[in-house]
Amino acid sequence: MAIEPPLAAVAPTFVLAVTALVLFAFDSIDPDSSNNPVLAGIAFVGSLASMGVAAVYLVSGVGSPATEVYGGQLVVDDMALFFQFIFGSVTALVALASYDYLQDLRYQAEYYILLLLAATGMSLMASAGSLAVGFVALELASLPSYALVSFLKEDRGSVEAGLKYFLIGALSSAVFAYGISLVYGATGSLLLSDVATAVGGSGLPGVLGVGVLMVLGGFAFKTASVPFHFWAPEAYEGAPAPVSAFISSASKAAGFALAFRVMVVAFPIGSVVGAIDWVLAVQILAVVTMTLGNFAAATQENVKRMLAYSSVGHAGYVLIGLAALTGTGNADIVLGSGMIHLLVYGFMNTGAFLFIALAEYWGVGRTFEDYNGLATRAPLACVAMTVFMFSLAGLPVGGGFVSKYYLFAGAVNAGVWWLALVGAVNSALSLFYYSRVVKAMWIEEPAEGVDVSSYPATLYAAVIAAAVATVVLLPALGLFSGIAFDAAAVFF
Amino acid sequence: MMLELLIGLCLLGAFVVFVLPDEYAPKAALGISLAPLAVALYMYSQFDGAGNALLGGDIAFESQYAWLTLGRYDVTWHMGLDGISMPLVVLSALLTTLAILASWTPIDERHSQFYGLMLFMEAALIGVFGALDFLVWFVFWEAVLVPMYFLIGVWGGARRKYAAIKFFVYTNIASIVMFIGFFGLVFGLGDSISSLDLPAIAQALRADELGSLGLLSAGQVATLAFVAMFIGFAVKVPVVPFHTWLPDAHVEAPTPASVMLAGVLLKMGTYALLRFNFTMLPEQAAALAVPIALLGVISIIYGALLALAQSDLKRIVAYSSVSSMGYVTLGLVAYTLYGVGGATFQMVSHGLISGLLFACVGVIYNTTHTRTVGDMSGLADKMPVTVGAFIAGAFAYMGLPLMAGFAAEFFVFVGSFGAAFAGAPIFTAVAMFGIVIVAGYLLWSMQRTLFGPFRSETDYEVVPAAVHDVVPLLVLIAFIIALGTFPYDLAFDMILDATEPVLETGGEVAATYGGVP
């Protein structure tokens, strides 16, 4: 059977799914194998291939104009490809880093399979053309994540985190599904483009409004935004560090990918404003999320928890991408800026969590004090971590500076300057707690009893690769921003 | 491509030094730093810029490449030098090399990291003085903070952690205040600019194209932006009352970092004041001239009085920087040919002189292990060369003729005496009194530490300084005397050529406020 030509456009997702299946096959042929290099290698190559295909498609213009598959149930456009590029790169980094982290653990094949399946779900989320596909993709991304979070079965924290994540996830899935049903009731369709044509003339504005709000709640869960953020610090802290990296970067980006598409395509603010002004809701959400995330991060004593809360804060920054869609123009810039921030975030945040994985590998504790003087033992890795921290804070040592600048300037251009101001103040505040990590590593006297004798090669390589990407994105962001703005412009 | 070469050499050198083993780092860093110094001196000899880079002059070593686009605003990698930035680039390269040499004795741990950071900072500093696009400039501006934070925090004195954080937080918040102020201007300009190119923005502002922004009228936007940017830069200068981070940072910083901090980092503040506040918004500068001049004079007198009250040699020199940078502020706000030119000349001159004094204090501390004035006396017998250099530096600070400080302060006083704002002669007269206090505390502390019978309260044997400690001092003295003897040929012609256009178009403005430049 010849593959229907447009189906080739879904290749980035397919590659991930096929990789997961190959891992399945490998595991069923030799179920007792703990042949770690092969497993990690397959996962790494598969996700890298997915990233490569997405990049080639982006450059060669497969996504413009958008290719619709299965009658619009799947949409492959530049935005989908852009996000698939992010998922591919993060998954590759995590797979690379997991090789060392998992060294002596059981069920390694299952770990990589779950990882790839979750990535497949995320990739599908980015190109979901209907609410039904979106929901299924969200579940495909979420279910493996629950299992991944509680992967350390002997560790109570890990199991507890997985349970909490699962319970809140199930609840928000229910909310999301109920929201979809309300939207369907009001508009008679699940296809995003059909919903869009129906919303204006919907005879049930109240039902539609509640539906949109509940859908928004589903996204808030996936992106760890207030008020559905409670699971995030627990899950990120309890999960194995590479998994924290994965769900705080890729899974969050996936949530935003779906949110961007659904909110912008299905509920264009111009025509739903009679039913519900969701932009106002997102504005409030953005301000609360970034402020709460930052203040909570500032009070942590545990580096991993600090990063978890700061990740909530960053969700708030990205929400500006939706919150500044005020209909005054510049919509492509605002949305594109959110995409760019997620791209940079994919590297700097993944890198930061992978550094924590590295520290856990060395047996370094989790508090700031435990990081004291780490730079004298592992200077290169600490340079990388310094880059991540300062870039997350928005200092111009990495791409984080420019992507934040895009977001804030975009917000000001759209007339919501107060949003940019709150963001800028938060950003300045965040330097305080990010620099605590840097201070501990470089300035404090070394703690006793920490032995950095072995250098886990792939984990190290993943951290360094993420750092290099973060730095290179500062000068090279001009290339990506054009792609992102063009991708976003299609929607308006 | 010369500026890119300069920055690239420093960054590459920083990386190489960082990965080298500790034992090779000092010499490697010195060797590598000679390359950017040579390039900078070559550029100085080939300098062919004319006029002010921001006001349509011919820019030397210019390069421009597209970087980012955000909606209407293009960001380009735009670099180039004019007569204001050229001497400061040379100063950065020179002081980095000398500071590296001066680090050999005091820095005794984590060599490769230390020297790597020094070279990284050199790259960032050159970037600050060379950038002609706001975002590029801001990237370098913020990038300077990072190495200095580590230099103070890792290699500093007893309270280094406190000083490093204070430095970092103060100057970073100042940057954000300034950033918001500047973007107020950019948004106020609306459609009349399409990029963040500093020359384009400066010329649009001069052409009165600033519009209203929300509820604010154009005039209010300009005034608020001026104040925000002034506060942002004043912290860096530092102008009293934004100076409190400086003594902490200086006292805790290791000697080479102090040299860089006083020698170049403070100049970033006054350089930016000149480029942004006084070049872009001359009307607001004229309207706010009296309060700014007042701050400048307070910095001069108060800084000098604080220096007089200290008993730690390094603190004395640190507070004297507050005082000396006050002259720069006063010269800028005078808004006359000699005022602005003299202020720029003072930036270079103070960079050399304060660098020299900090280096001297560092050498004295290395050998005596104390900086307290009461704990030592009669050092002149034991370490004649260092003490000679210290005396030379002190005389330069007091403004002895034929030394750079004299020329600089003389230009500033001539300029500010004839300034158009109300009460300029009185401000100048009060400021001149600052020199008396400077002479007072320098002579007093020298008399107690350097002369008289030898005495030391510490157990260390006082031995003559090593050659590599003394060489930077002598090189600096040579530059100070050269600059004081031939100020016009070496720098002032170049500076006046670039500062004059600032006033020419602003002349009309100054006239409306009751005088001519």
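Using N, Cα and C of the backbone, Cβ positions are placed for all residues, glycine too.
The domain 'NADH:ubiquinone oxidoreductase chain 4 N-terminal' annotation in TrEMBL covers B:74-125. According to DSSP, the domain 'NADH:ubiquinone oxidoreductase chain 4 N-terminal' (B:74-125) comprises 33 helix, 8 strand, 11 coil.
Per TrEMBL, domain 'NADH:quinone oxidoreductase/Mrp antiporter transmembrane' is recorded for B:131-420.
Beyond its flanks by at least six residues, the transmembrane segment (B:84-102) meets 6, 26, 29-30, 33-34, 36-37, 39-41, 43-44, 47, 49, 52-53, 60, 115, 118-119, 121-122, 125-126, 129-130, 255-257, 259-260, 263-264, 267, 271, 274-275, 344, 347-348, 351-352, 355, 359, 362-363, 468-469, 471-472, 475-476, 479, 491, 494-495, 498-499 of its own chain at Cβ-Cβ distances under 8 Å. The transmembrane segment annotation in TrEMBL covers B:84-102 (among others).
According to TrEMBL, the feature transmembrane segment maps to B:114-132 (among others). Outside the transmembrane segment (B:114-132), and at least 6 residues removed from its termini, the chain residues within Cβ reach (under 8 Å) are 3, 6-7, 10-11, 13-15, 17-18, 25-26, 28-29, 32-33, 36, 40, 53-54, 59, 61-62, 78-81, 85, 88-89, 92-93, 96, 99-100, 103, 107, 139-141, 143-144, 146-148, 150-151, 154-155, 197-199, 256, 260, 264-265, 268, 271.
Same-chain neighbours of the transmembrane segment (B:138-155): 107, 109-110, 113-114, 117-118, 120-121, 124-125, 127-128, 131, 161, 163-165, 167-168, 171-172, 175, 179, 249, 252-254, 256-257, 260-261, 265, 268, 272, counting only residues six or more beyond its ends whose CB sits under 8 Å from a CB of the stretch. The annotation transmembrane segment is assigned in TrEMBL to B:138-155 (among others).
Residues 73, 134, 138, 141-142, 145, 148-149, 152, 196, 201, 204-205, 209-213, 218, 221-222, 224-229, 231-236, 242, 244-245, 248-249, 272, 276, 280 of the same chain sit 6 or more residues outside the transmembrane segment (B:167-190) yet have a Cβ under 8 Å from a Cβ within it. Annotated transmembrane segment per TrEMBL: B:167-190 (among others), in sequence order.
When Cβ-Cβ distances below 8 Å are used as the criterion, the transmembrane segment (B:210-235) is approached by residues 170-171, 173-182, 184-185, 187-190, 192, 204, 242, 245, 269-270, 272-273, 276-277, 281, 283-285, 287-288, 292, 295 of the same chain, each at least six residues removed from its ends. Annotation comment: TrEMBL describes B:210-235 (among others) as transmembrane segment.
As annotated by TrEMBL, transmembrane segment applies to B:256-274 (among others).
Taken from TrEMBL, the feature transmembrane segment covers B:286-309 (among others).
Positions annotated as transmembrane segment by TrEMBL: B:316-338 (among others).
Sequence annotations record features per position, and here TrEMBL assigns transmembrane segment to B:344-365 (among others).
Summarising the annotation, TrEMBL assigns transmembrane segment to B:385-408 (among others).
TrEMBL lists B:420-444 (among others) with the feature transmembrane segment.
Among the features that TrEMBL reports, transmembrane segment is placed at B:465-486 (among others). The list of residues near the transmembrane segment (B:465-486) in space but at least 6 beyond its ends in sequence, with Cβ under 8 angstroms from a Cβ of it, reads 94, 98-99, 101-102, 104-105, 348-349, 352-353, 355-356, 359-360, 363, 366-367, 383, 385-386, 389, 392-393, 396, 401-407.
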Maximum Cβ pairs under 8 Å to the transmembrane segment (B:256-274) - stretch from the list B:316-338, B:344-365, B:385-408: B:344-365
Which residues, given as numbers and ranges, are at least 6 beyond the ends of the transmembrane segment (B:344-365) yet have a Cβ under 8 Å from it? 84, 87-88, 91, 95, 98-99, 102, 105-106, 250, 255-256, 258-259, 262-264, 266-267, 270-271, 274, 313-314, 317, 320-321, 324-325, 327-328, 331, 371, 379, 383, 386, 389-390, 392-394, 396-397, 403-405, 407-409, 411-412, 449, 465, 469-470, 472-473, 476-477, 479-480, 483-484, 487, 491-492, 495, 498-499
Quick one: average pLDDT across the domain 'NADH:ubiquinone oxidoreductase chain 4 N-terminal' (B:74-125), no decimals. 92
